[in-house]
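Peer 1: Here it is: the structure, laid out below.
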Amino acid sequence: MSARRILLGVTGGVAAYKAAEFTRLLVKAGHTVEVVMTEAATRFVTPVTFQALSGNAVYADLWDPRPHNAMAHIELSRRADVFIIAPATANTLYKLAHGVSDDLISTLAAARTCPLVVAPAMNRQMWANPANQRNVAQLRADGVQVFGPASGEQACGEVGEGRMLEPEQLLERLEALFVPQRLAGRKVLMTAGPTFEPIDAVRGITNISSGKMGYALARACRNAGAEVTLVSGPTGLPCPEGVQRLDVGTAREMYDAVLRHAGSADIFIGVAAVADYRVRNRAEHKLKKGDSVPVIELEENPDILATVASLPAAPFCVGFAAESRNLLEYADAKRRRKKVPLLVANLVQKAMGRDTNEVLLLDDAGSHALPEMDKQALAARLVEELAARLPPA
Ligand code: CTP
């Protein structure tokens, strides 16, 4: 995502300490951050912390004379691409919902021209309070984006809904706001990660796959407005926000999960490194070392991508091809064999276990090379390429 000017409003809740980490993440991602605080917020974290992290002056006072025309309440939000208030207390939500402008943050919100986002943080009972719920509903009706809150353990020791989203989740949601909604209204079904074919109770056959490319693509599709179902083999990756993940182990479990959802999907993307074979003589218990070396018999797994592509009302199918040599020749043959309109091919040496990838796109018109890039940037580019080839909804 290109760099944005972000105005961050910090109000007085314990979660203010997470706003410091959020500031750091925003700056690290290349954005310009200006921080405004309520007086209460400065009791939790000092302005100096935010000044050091953002590299910019911090404002907490409506009467601050520093902006050149002494109009801090207008100027700060006029130069921002988005105003995000995180954490947003129940009191601030009330003020925003009722147009109260009695401190810098509420005045900036009222005078802004940019989109407004709030990330509520409060005790679960305060969150559930009917008055607060009315305020949140009013804010949504006014076009304000509400990120979270999440459920979990709270600073007060209670457990429930009201925790602020984690800084990483806020960053992800915020960046998604600026992505063109090329896949709005589309349902995307995907596979990612490796599969695991058991040999016995503790051993198995698998492919080397971190799942990073598939997860990056799931995130990019969601950012572009799609409803995403991700059928994932075992990876250590967290599920991207707003993506429905179905965890599977073997290729046959992946096949079953995909075919259960393929009928309602508009797009199917097979990114998983599916094991081509499974063990026919799988042992129920751990094989013990004996006199002879065990013989493993293999049988072929179903081809998930080829099966989905040959369904009568097949979704638009995108395949991936991981090759270690003869990239164009093997990938082209694979695309024709599996009958997919778009295939993304890469050399395993350039992708596996790395954060970057360099791919070749193959379609009916031929092959197109994309430059090497970060997997998340590549995922966003692939969404553009995919959207450009989709039949009209
Ligand atoms: N694929 C699949 N089901 C399988 C095997 C592969 O859906 N049983 C999908 C992968 O997710 C990928 C594409 O098919 O989108 C190509 O996978 P790849 O492993 O490169 O090709 P294979 O079909 O396994 O062919 P080969 O092993 O000969 O390269």
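Using the three backbone atoms N, Cα and C, a Cβ is placed for every residue, glycine included.
TrEMBL feature annotations, pasted as is:
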type	residues	note
ACT_SITE	CYS156	active site, proton donor
BINDING	ASP276, LYS286, PRO302, ASP303, ILE304, LEU305, PHE320, LYS334, LYS338	CTP binding site
DOMAIN	183-388	domain 'DNA/pantothenate metabolism flavoprotein C-terminal'
REGION	1-187	region 'Phosphopantothenoylcysteine decarboxylase'
REGION	188-393	region 'Phosphopantothenate--cysteine ligase'
Peer 1: Quick one: Cα separation, ILE304 (CTP binding site) versus CYS156 (active site, proton donor), in Å?
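Peer 2: If we compare the Cα positions of ILE304 (CTP binding site) and CYS156 (active site, proton donor), the gap is 48 Å.
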Peer 1: With the Cβ under 6 Å from ligand 1 as the test, give me the qualifying entries from the recorded positions CYS156, ASP276, ILE304, PHE320.
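Peer 2: Checking each Cβ against ligand 1, the ones under 6 Å are ASP276, ILE304, PHE320.
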Peer 1: Could you tell me which of these recorded positions, CYS156, ILE304, has the greatest number of Cβ atoms within 10 Å of its own Cβ?
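Peer 2: Selected residue: ILE304.
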Peer 1: In the structure shown, with every protein chain counted, which of the binding-site residues PRO302, PHE320, LYS338 has the densest set of Cβ atoms within 10 angstroms of its Cβ?
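Peer 2: Of the binding-site residues PRO302, PHE320, LYS338, the most buried by Cβ count within 10 Å is PHE320.
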Peer 1: Whole-number Å only: compute the distance from the Cα of PRO302 (CTP binding site) to the Cα of CYS156 (active site, proton donor).
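Peer 2: Rounded to a whole number, the Cα-Cα distance is 52 Å.
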Peer 1: Among all protein chains shown, how many Cβ atoms are found within 10 Å of the Cβ of ASP276 (CTP binding site), not counting that one?
Peer 2: 14
Peer 1: If you measure every Cα to Cα pair among ASP276, LYS286, PRO302, ASP303, ILE304, LEU305, PHE320, LYS334, LYS338, the residues listed for CTP, what is the largest value in Å?
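Peer 2: Largest Cα to Cα distance for the CTP-binding set is 37 Å.
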Peer 1: Please tell me which one of the binding-site residues listed here (ASP276, PHE320, LYS338) sits closest to the residue listed as 'active site, proton donor', measuring Cα to Cα?
Peer 2: PHE320
